[in-house]
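Visitor: According to Swiss-Prot, the protein carries these features:
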CARBOHYD  ASN65  N-linked glycosylation site
CARBOHYD  ASN114  N-linked glycosylation site
SIGNAL    1-22  signal peptide
TOPO_DOM  23-165  topological domain 'Extracellular'
TOPO_DOM  187-194  topological domain 'Cytoplasmic'
TRANSMEM  166-186  transmembrane segment
Amino acid sequence: MMMMKWIISILTMSIMPVLAYSSSIFRFHSEDVELCYGHLYFDRIYNVVNIKYNPHIPYRYNFINRTLTVDELDDNVFFTHGYFLKHKYGSLNPSLIVSLSGNLKYNDIQCSVNVSCLIKNLATSTSTILTSKHKTYSLHRSTCITIIGYDSIIWYKDINDKYNGIYDFTAICMLIASTLIVTIYVFKKIKMNS
């Protein structure tokens with residue numbers, strides 16, 4: 001019975017690093033997805049298209065730089081809004097790149113928006129893509145205010161030869177170290193009891 005408890009303890013300690021690794025990646029996704037939400041203001045006055053996007057930037061990030069490109073073809077407006085962020089207490093290099101791109105189609109009474117957002121985390125080599133299709137909003141005095149929401153979310157790990165497998169290697173090392181520590185402890189306890 002005592003040996004069974006020790007075996008369960010060893011297995012529990014062996015699985016902990018792997019669970020900690022996977023939960024940290026999940027926390028990254030759930031916290032940083034909020035970077036893609038905000039309000040998109042579209043205004044067309046005197047044949048001039050103005051697009052303004054106010055992103056939600058959490059307190060843990062510092063803003064570095066921003067780009068905005070707008071192209072128009074007939075009643076379609078294509079835009080890309082990118083911004084670079086760094087962790088407040090991290091290095092001076094950008095740690096996140098967020099790119100919001102979309103297609104806005106308008107007529108006299110409404111506008112239809114297709115939006116996609118890419119979050120690229122340079123520290124963990126992970127990317128998140130959020131997409132939204134055919135959201136329709138009313139035009140008020142040639143202004144369309146859209147509240148950005150998404151239909152689908154895709155997470156994936158980037159393939160980077162320089163850092164490929166570094167987090168997996170760390171999790172495996174923690175697994176081996178914790179298994180060795182628990183095994184040595186069990187053998188010492190068995191030796192003391194006999």
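Each Cβ is built from the backbone N, Cα and C atoms, and glycine gets one as well.
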Visitor: With DSSP as the yardstick, break the topological domain 'Cytoplasmic' (187-194) down into helix, strand and coil residue counts.
Guide: 7 helix, 0 strand, 1 coil
Visitor: Please report the distance from the Cα of ASN65 (N-linked glycosylation site) to the Cα of ASN114 (N-linked glycosylation site), rounded to the nearest angstrom.
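Guide: If we compare the Cα positions of ASN65 (N-linked glycosylation site) and ASN114 (N-linked glycosylation site), the gap is 24 Å.
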Visitor: Which three-state DSSP class does ASN114 (N-linked glycosylation site) fall into?
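Guide: It is in a strand.
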Visitor: Compute the average pLDDT of the predicted model within the topological domain 'Extracellular' (23-165).
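Guide: Averaging the confidence scores along the topological domain 'Extracellular' (23-165) gives 75.
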Visitor: What is the number of other Cβ atoms found within 10 Å of the Cβ of ASN114 (N-linked glycosylation site)?
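Guide: That number is 15.
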Visitor: Per DSSP, what is the residue tally for the topological domain 'Extracellular' (23-165) in helix, strand and coil?
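Guide: The composition, in the requested order, is 14 helix, 89 strand, 40 coil.
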Visitor: Have a look around ASN65 (N-linked glycosylation site) and count the other CB atoms within 10 A of its CB, chains all included.
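Guide: A 10 Å sphere around the Cβ of ASN65 (N-linked glycosylation site) contains 9 other Cβ atoms.
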